[in-house]
Amino acid sequence: MKVIVVKDQAAGGKEGFKVFKNALDNGAKVFGLATGSTPVTTYKEIVNSDLDFSDCTSVNLDEYVGIAPDNDQSYKYFMQTHLFNDKPFKESFLPNGLASDPEAEVKRYDKVIDEHPIDLQILGIGRNGHIGFNEPGTPRDITTHVVDLTESTIEANARFFASENDVPKQAFSMGLASIMKSKHLLLEAFGENKADAVKGMIEGPDTPELPASILQNHPDVTVIIDEAAASKLSKKY
């Protein structure tokens with residue numbers, strides 16, 4: 001696990017951009033993408049660059065259940081706004097939040113991941129150590145699945161909605177086994193509220209109670225964190 005500590009999220013975005021550029025320069029064709037406030041500075045750096053993804057495929061981590069793709073709170077809408085409108089990919093895959101048969105949608109998305117092995121997957125980390133929507137206690141061997149979101153995750157996402165009651169209670173998510181199949185993982189974390197999760201992920205035991213700790217077992221992980229998120233690490237990086 002390569003750990004890079006930067007001053008703030010803006011600097012983290014520049015480091016994240018370097019990881020994307022290096023992957024593209026080395027022939028990466030499939031990029032696993034994430035949403036939320038964490039990757040936006042990396043996406044901004046990409047948008048303002050001359051990187052070309054027109055021959056590449058994107059596969060997103062997750063999507064809320066019950067939200068239409070054109071809803072401004074959907075992850076499809078987020079990706080269009082923050083990346084795809086400026087940097088289109090040859091093809092882009094996200095779970096279908098309005099799928100009438102969730103079980104069939106899970107199988108479809110597993111097939112997408114199998115047919116498009118991910119070269120670089122970007123991740124954030126929740127305050128409880130979740131990655132994607134894989135909450136504490138999620139089985140390590142799980143692939144795409146429907147998740148009942150925890151109260152802490154609903155609360156954390158409420159800032160994006162008119163009220164906490166509007167936050168969806170379920171989501172489709174790549175599983176931990178799906179994520180671990182990626183060739184290279186890039187995890188970003190910014191802010192003091194991520195410090196406990198970051199410490200557990202890097203220095204704590206590998207435990208299902210902190211899903212991100214599974215990354216200790218992956219052969220190629222880059223972690224980009226700001227000084228606040230790194231504040232509880234006992235070792236200097």
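Including glycine, each Cβ sits where the backbone N, Cα and C put it.
What Swiss-Prot records for D62, H130 is active site, proton acceptor. According to Swiss-Prot, the active site, for ring-opening step annotation covers N128, E135, on the basis of sequence analysis.
Annotated features taken from Swiss-Prot, shown on the structure.
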{"residue": "D62", "record": "active site, proton acceptor", "Cβ contacts under 8 Å, 6 or more apart": "T35, Y75, P95, G132, F133, A171, F172, S173, M174"}
{"residue": "N128", "record": "active site, for ring-opening step", "Cβ contacts under 8 Å, 6 or more apart": "E135, P136, T150, S152, T153, A197, L210"}
{"residue": "H130", "record": "active site, proton acceptor", "Cβ contacts under 8 Å, 6 or more apart": "P136, T138, T150, T153, P211, A212"}
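Every protein chain considered, the tally of other Cβ atoms within 10 Å of the Cβ of E135 (active site, for ring-opening step) stands at 19. Under the three-state DSSP scheme, D62 (active site, proton acceptor) falls in the strand class.
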